[in-house]
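Inspection log for the structure reproduced underneath, given as structure tokens.
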């Protein structure tokens, strides 16, 4: 029972976040997005608390719920790690939005900036819930695109434009590594499910691909 309640609360959290994109309100749109993220964070606390109670009653580490559509092989997993990090992502995003309301109060395009932040948050949540490389790649590209748009917001400043260009170049390097690993798995293993990949002994090309992807995304090893 707890598992289904957790799943439904997570879906409600996602619907709450998507609502401002489907039904935009031009009046105080930025404030509406901030309140939406705040409400979503409050909703995410319920499945987190239920998960803590369930973990105290049962020490197993099994996945709570999986969604699987066989045609596109899109798999999402709601486990203790994803539920915890969704709450963390929402809390941090809410804090950023609160600061941005003050910092950008005179920016004429503040509504667009907040919409980009919301899209970035949704792409991040897609990354968190992904249990398949295809779904992971969609969130991966969404985060990369929104990073470019947000970093280069004040593009008239030379250092900002340079930083945005660096973000694009580094993300494309990471894409190359990710895509090589993805294609190798599709051709040789016929699977992109993360649980199956984690149980295999990966060849060197897979390790290099994922290390390059992770290093470029988090600005490591000279990037």
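Glycine is no exception: its Cβ is also placed from the backbone N, Cα and C atoms.
Annotated features in TrEMBL:
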TRANSMEM  6-24  transmembrane segment
TRANSMEM  36-53  transmembrane segment
DOMAIN    68-114  domain 'NADH-Ubiquinone oxidoreductase (complex I) chain 5 N-terminal'
TRANSMEM  81-104  transmembrane segment
TRANSMEM  116-140  transmembrane segment
DOMAIN    130-222  domain 'NADH:quinone oxidoreductase/Mrp antiporter transmembrane'
TRANSMEM  160-185  transmembrane segment
TRANSMEM  197-215  transmembrane segment
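Counting only same-chain residues 6+ beyond the ends of the transmembrane segment (116-140), those with a CB under 8 A from a CB of the stretch are 14, 17-18, 20-21, 33, 36-37, 63, 66, 72-78, 82, 85-86, 89-90, 93, 96-97, 100, 146-147, 149-150, 153, 174-175, 178, 181-182, 185, 192-195, 197, 213, 217.
Tertiary proximity for the transmembrane segment (36-53) is limited to same-chain residues at least six positions away from its ends with a CB under 8 Å from its CB atoms, namely 2, 5-7, 9-10, 12-13, 16-17, 19-20, 64, 80, 83-84, 86-87, 90-91, 93-94, 97, 118, 121. Averaged across the domain 'NADH-Ubiquinone oxidoreductase (complex I) chain 5 N-terminal' (68-114), the predicted model reaches a pLDDT of 81.
Counting residues per DSSP class in helix, strand and coil order gives 71 helix, 3 strand, 19 coil for the domain 'NADH:quinone oxidoreductase/Mrp antiporter transmembrane' (130-222).
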